[in-house]
Amino acid sequence: MPLARLDTGMREPGGPGQKGGLKMLSQAAPTLGDGERKPNEVIKFLDVYERSYCRTIETLVDIFQEYPDEVEYIFKPSCVPLMRCAGCCGDEGLECVPGEVHNVTMEIMRIKPHQSQHIAYMSFLQHSKCECRPKKDVKAKQENFSSRKSKRGKGKGQKRKRKKGRYKPHSFHCEPCSERRKHLFVQDPQTCKCSCKNTDSRCKSRQLELNERTCRCDKPRR
């Protein structure tokens, strides 16, 4: 069956405007140089530590993990290379999390079995910068410990002061963009700003319109 080419008004993947993006996607994280090492050679501690520390690394992500609602389609390829945060932090109480994120658009074959197939533009979340932050369970333990400690104070004045300080937020957390459909949104962890994972061009390729409030592709209003 011949492929139905979508006319979305976007640049072709070979155009000069996309060379930088494709180059970035093709840059896999450097290895420990296994090809240059002898089979029984021991890798130095500093090399292991440096390569395992929290950073962005190319990761193959299943498309259904990013678009769980589109079960009626088969995607080719079924996974995509994305830069994601991974690695260890210097403290067991810290975890590697994204500090900055951005969207990247890729051409993916969308197949509806026994009906149609076409190339579509799909948007995915990439991590631009990683950082080590306190783990959520560690934060909770610290907050519980400080609450128990404040109850031991003597005198109403001391209790009043400690009770007042007990409800001060220990850290800043972003409110979720949507409780029911979190997968449709991308949230900047620094500013808490929400944006749609779907793009206007992607919705138009399906003869739909992007609803910026719900971030879903809806039927055009008449």
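Each Cβ is built from the backbone N, Cα and C atoms, and glycine gets one as well.
Listed ranges 1-24, 193-216; the one TrEMBL annotates as region 'Disordered' is 1-24. The residues of the domain 'Platelet-derived growth factor (PDGF) family profile' (41-137), classed with DSSP into helix (H, G, I), strand (E, B) and coil, number 14 helix, 59 strand, 24 coil.
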